[in-house]
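A.B. asks: Annotated active site, proton acceptor per Swiss-Prot: ASP67, HIS139, in sequence order. Positions annotated as active site, for ring-opening step by Swiss-Prot: ASN137, GLU144.
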Amino acid sequence: MQVLIFDDKKAVAENAATLLQKLILAKNNANIGLATGSTPIDLYKQLVSMYKNKHISFAQVNTFNLDEYYDIDENNSNSYRYFMNSQLFDHIDIDKNNTHLPTCNAKQDPRKQGEHFEQQIAALGGLDLQLLGIGGNGHIGFNEPSSSFASRTRIKSLTEQTVSDNSRMFSDDEQQPKMAMTMGIATIMDAKYVLLIATGKNKAQAVNDMVNGPLSASCPASILQMHKNAIVIIDNDAASLLANKDYFTWVSQQNHEINQAFGHFPDL
């Protein structure tokens, strides 16, 4: 696991965007898993800027999002399809037919929808990189604590805390989803590369639990210790409880030199 620590969230977004740019330049038809939430917004702004300045093209890129609320209209401003369109897809040259979310409505069998999403990923050769955030309790996607490390794309009931955290996004007269479709932990682990970004002191404990263990379903993100190509980009606040922060700070420069000399993505 490479842990790269930067001064602030702006530097996190810039460096994460640069990595994604290098990935797409190395493989213009890359299959990239994307995330929603507040953490990647600045990253997406950086990617839009790169596109507008003709430093990158998404014309042949395929994307697969981590999750989507169950039985939500894609035009609902709280759907993750709406989020991705407004934050990224509407502002770049991506073909929206090549953008995928794990959707399921009340008339569809969630098990079959999950299998279909897995088949879509497999048909394109698997994910080259999966972008992740991390919840305060260590969740990735909607894989909350106690989620199976062997899980695949499926429907999940949201925890009371997650429902509470997200309630500010829904109006009083709007029915808030209590379930969501999410990639499973095994689906995430199948990606050739995983890029997790985190900022803020509210993520510091989860970051330390992820990096330093123990490996436990109590912190779903701790499974990334077992990933061959996990890259973690965090700011100083998110690194503030990292037990071995000085070590990771020291080795960052060595990792940077190796990556510059031999490339960031040798396993593509």
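Cβ atoms are placed via backbone N, Cα and C, with glycine included.
Keep in mind that this is a model prediction, so the values were computed, not measured.
Set these features in their place in the structure for me.
C.D. replies: Taking the Cβ of ASP67 (active site, proton acceptor) as centre and 10 Å as the limit, one finds 21 other Cβ atoms among all the protein chains shown.
DSSP assigns ASN137 (active site, for ring-opening step) to coil, not to a helix or a strand. If you take the C-beta of ASN137 (active site, for ring-opening step) and look for same-chain residues 6 or more apart in sequence within under 8 angstroms, you find GLU144, PRO145, GLN161, ALA206, CYS219.
Counted within 10 Å of its Cβ, the other Cβ atoms near HIS139 (active site, proton acceptor) come to 22, all protein chains included.
When secondary structure is read from DSSP and collapsed to three states, GLU144 (active site, for ring-opening step) falls in the coil class.
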A.B. asks: Whole-number answer please: how many Å between the C-alpha atoms of HIS139 (active site, proton acceptor) and ASP67 (active site, proton acceptor)?
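C.D. replies: About 12 Å separates the two Cα atoms.
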